[in-house]
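Features as listed in TrEMBL:
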BINDING   74, 117, 119, 120, 247  Mg(2+) binding site
């Protein structure tokens, strides 16, 4: 008989289905035409009806199945009864069939922290740059990102009416990452992916110092990590404090599961225990391969400007 799946694999399998439900909500809000946009701290920090509904859906669905897990979402929402239509109870059978890595078999609910970004790339969502948008569910244990789910609700949206819309990428450290074709960036090319709407002198100075062959400016941290694992970019560089733990937790787990590396600009790894501050105040440096090449070229002036 098959052993009962471990807590970690059950959480990941549920997060997969919950992310697919989230994608449906994201698409439905867009299709209905009223995004319900509110500014949080300013014009580049927006929240839509999709952010609110998706966070309620993800957090309530996870909390119902795993009541003792800590769940931290981006949006500060008033506590309210969640409509049953938003609850996703399903799970992905494929994920439950995978053996849990030995070091994670004994995990208890109260040891897990789940970081949720209901809609990463909100600004791009409101501007119709739909391929930038992701739903992020990152799972941390012992302060480390160990598993993650990234859903792209609009993957393939330009491929015509018959195309299957959306995809879900998932990964666990020690198992690998699935749902995409792992590809390395062209050898000898330095293609840097960075922020689209949060640029600054520091961000641009840091990139110039790396002498890139080309620069890709896109929204969303999830989207940027996808550029790395699909070989479209060789490094993700963001010399600014704008990024938060819910932006990096799921992407970090997926990147690390395929042998990549993500740190702050100083080379420090991110911590994901529930007490940690939410801001990644010393920026982001990530690569699938050749991390040291980029890390060694970050200017000291940039490092001195970004305090962890």
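From the backbone N, Cα and C atoms, a Cβ is placed for every residue, glycine too.
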Additional residues around Mg(2+), ordered along the sequence, whose Cβ is within 8 Å of the centroid of 74, 117, 119, 120, 247: 51, 116, 118, 121, 122, 134, 135, 136, 220, 221, 222, 244, 246
Binding-site residues compared (74, 117, 120, 247) - the one with the fewest other Cβ atoms within 10 Å: 74
Residue 119 (Mg(2+) binding site) CB neighbourhood, other CB atoms within 10 A: 29
